[in-house]
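Here the structure comes first, spelled out in structure tokens, and everything after it is commentary.
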Amino acid sequence: MAAEEPQQQKQEPLGSDSEGVNCLAYDEAIMAQQDRIQQEIAVQNPLVSERLELSVLYKEYAEDDNIYQQKIKDLHKKYSYIRKTRPDGNCFYRAFGFSHLEALLDDSKELQRFKAVSAKSKEDLVSQGFTEFTIEDFHNTFMDLIEQVEKQTSVADLLASFNDQSTSDYLVVYLRLLTSGYLQRESKFFEHFIEGGRTVKEFCQQEVEPMCKESDHIHIIALAQALSVSIQVEYMDRGEGGTTNPHIFPEGSEPKVYLLYRPGHYDILYK
């Protein structure tokens, strides 16, 4: 009796439904892994930390990492404290928001100017074509935080507000909208700095308005100009030289907000 020929497994043609299912499962696995990473980051890092001695930075790098150890030493000549933010892609906006509102607790004149500009900002965005219904809740949260400062809240209570996920994220969304609005209003100027053949509007839709998109020079310039708040960023990376590189946005202005930038991340600095 002749041996039975082994049955050949029927192969699915390329581009079949099974391939699509495999791709979907792969995508879902990646998303699940990313969610786990984000959850781990969230557990380990508050949205905005307590104020810490700047010396905590030394422990984040190996003792023989001479480049960073030297740059931290240089930074220590100019600043005494740091307040860390969660590395979630929204750190620039959160750091800016907390730093400036905290400073306004001791600057009533700037508080009134900032409140007036912020109150009018929704009207400016609507006049540009942003939908009032869409942005209203975010603007209300922004104004609520400013009014909390106006009532002389404590730093601890302001910090609690910034560590409330929904409040903090609504603030970030609104600051992103303000950044987008300014870039689009001044599109003739900013179009020269955008790569990839994109329009300013496309850049804003892809790189500014979505949550968790990291920020660069162009975002900082736009937000500083939109709210007339000067920002000084100390850049610390592996570049040569034992000092951090300070940049003031806009150039020549008197800084109100001080931030530390390490590749992909912003924290708050204090003199």
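Just so it is clear, glycine is given a Cβ too, placed from its N, Cα and C backbone atoms.
Worth saying up front: this structure is predicted, and the values here are computed from it rather than measured.
For the residues SER16, SER166, Swiss-Prot attaches the annotation phosphoserine to SER16, which does not rule out the feature elsewhere. Residues TYR26, TYR174 are shown; Swiss-Prot lists phosphotyrosine for one of them, TYR26.
Checking the ranges 35-41, 49-55, 182-188, 245-251 against Swiss-Prot, the region 'Free ubiquitin binding' annotation falls on 245-251. Range annotated as region 'Ubiquitin-conjugating enzyme E2 binding' by Swiss-Prot, chosen from 78-85, 102-109, 206-213, 262-269: 206-213. In Swiss-Prot, the region 'Free ubiquitin binding' annotation falls on 189-195 of the listed ranges 28-34, 42-48, 189-195, 224-230. In Swiss-Prot, the feature region 'Free ubiquitin binding' is placed on 214-221, out of the ranges 94-101, 158-165, 198-205, 214-221.
Restricting the average to the region 'Free ubiquitin binding' (189-195) gives a pLDDT of 92. When Cβ neighbours within 10 Å are tallied across all protein chains shown, the highest count among the recorded positions CYS91, ILE221 belongs to CYS91. Between the region 'Free ubiquitin binding' (245-251) and the stretches 130-138, 206-213, 214-221, Cβ pairs under 8 Å are most numerous for 214-221. Under DSSP, TYR266 (site 'Interacts with free ubiquitin') is assigned to a strand (E or B) in the three-state scheme.
Neighbour counts of Cβ atoms within 10 Å were taken for the recorded sites TYR235, TYR261; the minimum is at TYR235.
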